[in-house]
Amino acid sequence: MASVRGGCAIPLLLSILVLPLTFPAFAAADGLVRVGLRKKTMDESSRLAGRLSEKERKGWMGRRYGLGAGVENDGEDADIVSLKNYMNAQYFGEIGIGTPAQNFTVIFDTGSSNLWVPSSKCYFSVACFFHSKFKSSKSSTYQKNGKTASIHYGTGSISGFFSDDHVSLGDLVVKNQDFIEATREPGVTFLVAKFDGILGLGFKEISVGDAVPVWYNMVEQGLIKDPIFSFWLNRNDEEGDGGEIVFGGVDPNHYKGDHVYVPVTQKGYWQFNMGDVLVDGESTGFCSGGCAAIADSGTSLIAGPTTVIVEINQKIGASGVVSQECKAVVAQYGQQILDMLISQTQPSKICSQIGLCTFDGTHGVSIGIESVVGDNVDASAGLHSDAMCTACEMAVFYLFIPRATQLCERLPSPMGESSVDCAAIASLPNVSFTIGDKVFELKPEEYILKVGEGAAVQCISGFTALDVPPPRGPLWILGDIFMGVYHTVFDYGQLRVGFAQAA
């Protein structure tokens, strides 16, 4: 998890008109309930649409993982449900609500605990018109609740009211389930999302409005064999099938060898203790004394403390996307900027005069120019224009062109993105995490995400920074990059999380 700005927003609206197909859930003879997942393959539009602004990122990360004050929901503490940075793929499953069932595509998110979908009473949010909406009048089992609900994000929120109805996953029906009918979905993030809602699989401790999570009711109503669910995420880019979530146990076809289990140390998220982090077999030393970690199916990347993330990205040769744009500006326009400053050209007009920005009366703003980075220029190059304009403004502001490349190194990237030379992937080191008594290794091709195709392909590091202070942190979030390589079991009965090599 940069915002969508300028001329990019309108074309992106077209990409949400066709939702990905999903597989229905079904109960097998072994007593397990399987929900098939489909995934949205990463492209440049999805990547841009999935990103939150830096302000939003800090907001939701801070609240969700304990950096800031709690969110209020009718006077009660509420959790932050994040829209994640979908850097590789978006994973969906299909559920039904009501009788007869009204179908919705949802993300199964172990980092939150509520179920919400758009409501037919959502009149004033454009996002609702592009997604399936729940119509209570069409359900014979609907029961009115009416308590208001608000789930906050960094710069926006989803708000609505609680309702009660049956929730179906294939042949499995959870009766009298509380869920949120969203009547407001402000912001472009929900507009371009390829899902209708979110089904949280976290603990009740972080449930908004003290609603009983779907998973709890599955167990309480005796609908599954064992109080366990497991994720198999398919990371093969050439296959549309996204994998499966299995309720009631594990499918032995989804993993190899034995699972390594660690106890849940704090209920809310599926949190556990993690040991040392290694790069190319060598300790970073950061978590040698232990760190807290969570397994989060709703987060695409791996997030960790800035100190060690910077070290990892340096060792894999990653540099900030905005940093690259900045260096390109300095290399191509640095002397011109300096000459204009010497000639006493008004600083606020310099970037517009050299064609990187347009002057709005006070400062330069992006005009959708072509990127000067790389030899291959196509339509996607305009996506870099914001960074180019910003880089120019920063270079002018600091005045000292010889030091500008050092400034570039410090420029933040959207959602912490860092790029890697695609040709160098085979030579990059492995990155490993110690969990329980085992070292879980990620190969370069597993932690590097490829965006685009052919000459326009860009390779992105799967590691992003997140600083959570003690006592809650340091905290690591092991998202889809990790869970795609390692089959993950969430054992509610024994309060533990297990990992094994995915098959």
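Any Cβ shown, glycine's included, is placed from N, Cα and C.
Predicted automatically and left uncurated, TrEMBL annotations should be read as such.
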C291 - recorded disulfide partner, TrEMBL, among C287, C326: C287
Candidate cysteine (C8, C122) that TrEMBL pairs with C128 in a disulfide: C122
Spatial neighbour of C128 (disulfide bond) that is closest, considering only the recorded positions C287, C291, D296 and their CA atoms: D296
Alpha-carbon spacing, D296 (active site) to C122 (disulfide bond), which is rounded to whole Å: 29
Separation of alpha carbons, D109 (active site) and C287 (disulfide bond) (Å): 26
C291 (disulfide bond) versus C122 (disulfide bond) - Cα distance in angstrom: 42
Densest Cβ neighbourhood among D109, D296 (active-site residues), 10 Å radius: D296
Inter-residue Cα distance where the pair is C291 (disulfide bond) and D109 (active site), in Å: 22
